[in-house]
Amino acid sequence: MSSSGAKDKPELQFPFLQDEETVATLQECKTLFILRGLPGSGKSTLARFIVDKYRDGTKMVSADSYKITPGARGSFSEEYKQLDEDLAACCRRDFRVLVLDDTNHERERLEQLFELADQYQYQVVLVEPKTAWRLDCAQLKEKNQWQLSADDLKKLKPGLEKDFLPLYFGWFLTKKSSAALWKTGQTFLEELGNHKAFKKELRHFVSGDEPREKIELVTYFGKRPPGVLHCTTKFCDYGKAAGAEEYAQQDVVKKSYCKAFTLTISALFVTPKTTGARVELSEQQLALWPNDVDKLSPSDNLPRGSRAHITLGCAGDVEAVQTGIDLLEIVRQEKGGSRGEEVGELSRGKLYSLGSGRWMLSLAKKMEVRAIFTGYYGKGKAVPIRSGRKGGSFQSCTII
């Protein structure tokens, strides 16, 4: 099937099919495309276009191949067990693009798939056909291969009428960009830990009855994000968070879903609680940035995008949400006229002491990282991270 024919079809207008930068960027990621939709709505056609576009390193797993009739999963427990085993085997083989073709109309089923994606460090993209008849049961009755009646189709419809919202939306870095930023962050921690100005301020990082001459910051920030790094835009809590539905329904969010972006990193920072990278958002990226997240208090009037960051690590008992709060406190201080004291030069730029155990490395040359805008749909809890390589299994990590 030629993907050139996709350009003229409105139902195939997705960035991952039409935007060449996105196609190239997805080649550097591990992505699980989960198709959702009623039988006859065009899922299988869409799945074939995705496979055709990405070719090598791509695998499709289709419920049709297991003779699963769309509907309640209970009647096909053995078939689904086999499908899931085959899907996990594909994950272990590190296919860059996996396509799962099924109705996926039940939340419980989706949650199983999200957990699998977490275990093998795949980013998830939910895809629904854009065909005009996708929710028209009268038309679907004629189009579906299973000869399901309109009443059968109506029973499946409620789970597909509303968008499934993630825990949060954000830009997820490619494996290559993630590794490069991670390495830069680790070097910063090592250099900062050895710097004489930092050693004078150790009291912010150790308790008073613990005399120390040095601290290993790489170990101190031991709570690390597994897999690829990300920059959160909107925390949705699966639709329960304030403003989540409104954010997800914005045209710019829908059009940008699974689209490639290049993010600019201007600085790295350390506080007694977190370490992260400061992200400078372009005008195009600010269009995806919520209006209400750049405040610590209602009276704050900080520049839009002030909170944009990538968490690189947290101290033991600290949650990842703290990284953005720490950055906002730094920006608030800057807005008040204090950029801190320049205390030296590290390999990547100038080092500033901001007081209270806070440090900023202003990068002499800003870093550019490639990322995909999508959602994180997992539980955000510790999961056993599995490697695609034989015998490779990592310890449980917390998604942050």
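Heads up, the Cβ atoms here are built off N, Cα and C, so glycines get one too.
These come from Swiss-Prot:
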{"type": "MOD_RES", "residues": "Ser149", "note": "phosphoserine"}
{"type": "MOD_RES", "residues": "Ser207", "note": "phosphoserine"}
{"type": "ACT_SITE", "residues": "His230", "note": "active site, proton acceptor"}
{"type": "BINDING", "residues": "Thr232, Thr311", "note": "substrate binding site"}
{"type": "ACT_SITE", "residues": "His309", "note": "active site, proton donor"}
{"type": "MOD_RES", "residues": "Ser338", "note": "phosphoserine"}
{"type": "MOD_RES", "residues": "Cys397", "note": "cysteine methyl ester"}
{"type": "LIPID", "residues": "Cys397", "note": "S-farnesyl cysteine"}
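Here the features listed in Swiss-Prot are placed on the structure.
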residue : record                       : DSSP (3 states)
Ser149  : phosphoserine                : coil
Ser207  : phosphoserine                : coil
His230  : active site, proton acceptor : strand
His309  : active site, proton donor    : strand
Ser338  : phosphoserine                : coil
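For the recorded positions Ser149, Ser207, His230, Thr232, Ser338, a Cα to Cα distance of within 10 angstroms from the residue listed as 'active site, proton donor' holds for His230, Thr232. Of Ser149, Ser207, Ser338, all annotated as modified residues, the residue with the shortest Cα distance to Thr232 (substrate binding site) is Ser338.
If you take the Cα of Ser338 (phosphoserine) and the Cα of Thr311 (substrate binding site), they are about 24 angstrom apart, rounded to a whole number.
Summarising the environment of Thr232 (substrate binding site), the number of other Cβ atoms within 10 Å of its Cβ, over all protein chains shown, is 24. There are 23 other Cβ atoms within 10 Å of the Cβ belonging to the residue listed as 'active site, proton acceptor'.
If you check the recorded positions Ser149, Ser207, His230 against Thr311 (substrate binding site), the ones with a Cα inside 10 Å of its Cα are His230.
Cα-Cα distance from the residue listed as 'active site, proton acceptor' to Ser149 (phosphoserine): 44 Å (rounded to the nearest whole number).
Long-range neighbours of Ser149 (phosphoserine) (same chain, six or more residues apart, CB within less than 8 Å of its CB): Lys141. Cβ neighbour counts within 10 Å, taken over all protein chains shown, single out Thr311 as the most crowded of the recorded positions Ser207, Thr311.
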